[in-house]
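According to TrEMBL, the features are:
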type: DOMAIN; residues: 116-158; note: domain 'PAS'
type: DOMAIN; residues: 187-238; note: domain 'PAC'
type: DOMAIN; residues: 239-310; note: domain 'PAS'
type: DOMAIN; residues: 440-492; note: domain 'PAC'
type: DOMAIN; residues: 623-694; note: domain 'PAS'
type: DOMAIN; residues: 698-750; note: domain 'PAC'
type: DOMAIN; residues: 871-922; note: domain 'PAS'
type: DOMAIN; residues: 1012-1226; note: domain 'Histidine kinase'
């Protein structure tokens, strides 16, 4: 096909395996773009006729228009598509091209309508969007398969339902969409539709009116299910907020800079603190400004090398400049990403200045010590007396002549190596040192594995003590064989030297003064002989086995050796590794050898491979850094226990959480002393059982005593490190304070225990059933009993109860119907009891997937009811055997019966009251509620049940009064214990309700915010899309198109205004820790009057203040100023026409509360049905007056942030009064605070 239309396609950023696989560029004149860079490249020399815009594209049509800058006479058709229907859309665009129509023959023109009709049907039937053809009155004429599938209906059902049967009538956007379509002939909106199953889901709707072939008006409705898109949008929003929080609150300094301009775009607070610049100063710098001049070339080279790096990478160590000119060394990690349409890089700059200095100092000390030991041939060993573990340094292995990889040192192995004539002397010296604390000093001979005898001189001391007993001892051992056997060594020195050289596990070489090899040992040849192949090593230059970057250092060291013969010089040298790309790091001792005249002749070098040690040191640095960052970042108390030494270390949070100095608790024993006495045995036994066993994890909850004497509930989680023999040698973990959680759990457990209520969960997906501990107790089974879905029905008593439970469960599963029933069950012990079962189905996609509910033991209540029924049938027997108190009176209140329980509970014997007037005996109860209940029962002959308190016996009674034609029969019992339990239960419920209200309030706030964002952002977006669709028709006059563009930009401004408002609200809610200060109320009013003086003069407003009771308040000034300012502005704005606005502001002090009232004589409001909406965001009640509905929302938000409460009273045309109440210390007022509410209500 000849390429005619020029089409630009803004495609989805979706994986390639999910895109439609066809070549757009080959079949059509189409250019596809994914990001801004591709867009700019594609539009060079290419002006499209059509813009296909995917709804998920990262590029907006406005960005394309900004780059194109099309002339007014140049049309551009913009069409929203999805990737799946491009094959249908593109042929239609080509077939309607004016260029093709000019070239087509007359025959083609005649066949065009038929061809278009076929193409239309293809699109209609195969479209991935739902399509409905309707009449303007909402009657649906047809629906394509996608629409039917979306709505879960057949086409006949869709047509029968009509438009109003498919759209949620409660959706406030529906009326607006209909009015817009009637006004404009088309509309693009989002509405809530309802599936056949009743499930509501969001739909993106495009509808327009057209005339059919007969000239009748018809409507097309294109539906797109955007449920998944809504979920993604919410997830993206949460992800954005999470990453923002991580960036600004991270303990690591972060810098974001533009990769092209190197300008610094943003930094976090740690970077500001570390470098000394303010945020404003930072954003005026480039990253070059943070480097000293000599570092800039290195920086630029590094930037070129890492420009295209996408993943997180370690850039290296660099020198940075602070604001005061101080230089610091930092380790930098970076990551490239797109930020505000700019290619940026996030750099983490970790200050390692102090660490580097300490590490270098440690290296120097270690090198000097090692050199000294090598020169003096002094070995060192250390013994842990308790564990009998012994440490050898490298020289010890050399002195003993053993291989480190095969020899495992111990005290017994040392004793075995000692000459038999010296062994007792060594043992006694050890015992004298350890038992008596004497200094250790002994000489003895040792027998080497090769049969050689050596003399050694050993000195030592006790290194550590515990409880008066030595714990570790240390020894130095010097080879003094030379002194002891001088003459013998003199005669055999040459042979021994050769034996040492051959058995040497280190490298040994000699070179002449020009650096050419003159000697090498087997170890050197085995590791580096491959460099010389068959040419031999002797005579070759030694630089050939050294990495080039170390040549100058080696040459300098050799020169110093020559100037100081006999002196040992040490150096680290990198050498190549065979068959590997890495290097072998070695440590060498260089010494210059001389001839008999003292003239330098050769350089002797002894070296060892330290690659493993260097790697371990690097890993140790990284590990220490990670540990430090984790310790500083977490709120938990991190601990590290060396099981072998018993040393216990704590993180910084240990002191902040519990008040203890970590140094005072550096052993397990000291830690155990602050455990709760009831927990010590359980916790320590559990810990040591894990240490001795095979487990690698330990989790335990217990109580730990804080510095102030209080106990905190904690959860302790640890990981056990084990050696190759599975022996635990180290444990690390964290301690978390769960005191608050425990309090809530205890409250809930007490409430459930008192009411005998358990819970259950029936998982229909996985066929599993869960019972809470109380539910198991009610069923009379063990705590570890696992209920099964198939057999749990057997607990219900055969007959009515079992049949009934099957029936209600069936309805719950099939019809999603909740239930609340009473049943008889047979417990595991065979007891028959009554239970109350409540169940609530959980529905997913119209299907019940889970039933959550509760079990309550009502056996006592049920049996009490049955007893009452039985009592009515067997009255005479009951009167004799009844357990409750009972009395009867005639119509004249003469007592005719008084049982022993009545005598006991009312402390009145039968002889005192029988045949006497009840009220004469109990004259002190006249006028009380019990007296009124008896009188009413006698009068209206209706049974009454009530509870009453008896002053004379200080007891609560549960009373039931039965009327008869002869008088009254009264049953009562002592319920004092139950009432006491009820009071406790109400207190528990009150606490639970308070927490629940807090959660509900938070959820309502989130729901309102979500709705506002959706409603106020979608409206301008829908308008923009609708106007953009109108612009695709080229027949509109230029003036109309300009009007469309003006409307588009107007809606863009609205969108920006809404986002600005929401940012303001979020800023208010985030700024919770603003500084409080004392505010003079008169000065505050004067400041507001000055700022709005022009408005006051214009409207002739009068502000009257009475602050006699409270002239000042201590709070957050910015919030308080905003509250007063918005309420004053609000009163002036909603004044009565032609009447001078008067605003009265008063303060009233009542107890610990301060009340502010703002009263005006303005227009007022009818709050009958809108009182709860007045403080909602974007709510306005006088639409003829300019405003956005932000002021009162901000006032309420700020009042509540300061711990206050605001209410409003208003009458239409009578004015409005706002009342604000604060505690004097401006703390949070809880809704359960009855004192605060009574002050407020009695004003």
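Placement of Cβ uses the backbone N, Cα and C atoms for every residue, glycine included.
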Summary of DSSP states over the domain 'PAS' (116-158), given as helix, strand and coil counts: 22 helix, 9 strand, 12 coil
Counts by DSSP class (helix H/G/I, strand E/B, coil) across the domain 'PAS' (623-694): 39 helix, 10 strand, 23 coil
DSSP helix/strand/coil residue counts for the domain 'PAS' (239-310): 40 helix, 11 strand, 21 coil
Overall pLDDT of the domain 'PAS' (623-694), taken as the mean: 86
For the domain 'PAC' (440-492), residues assigned helix / strand / coil by DSSP: 11 helix, 33 strand, 9 coil
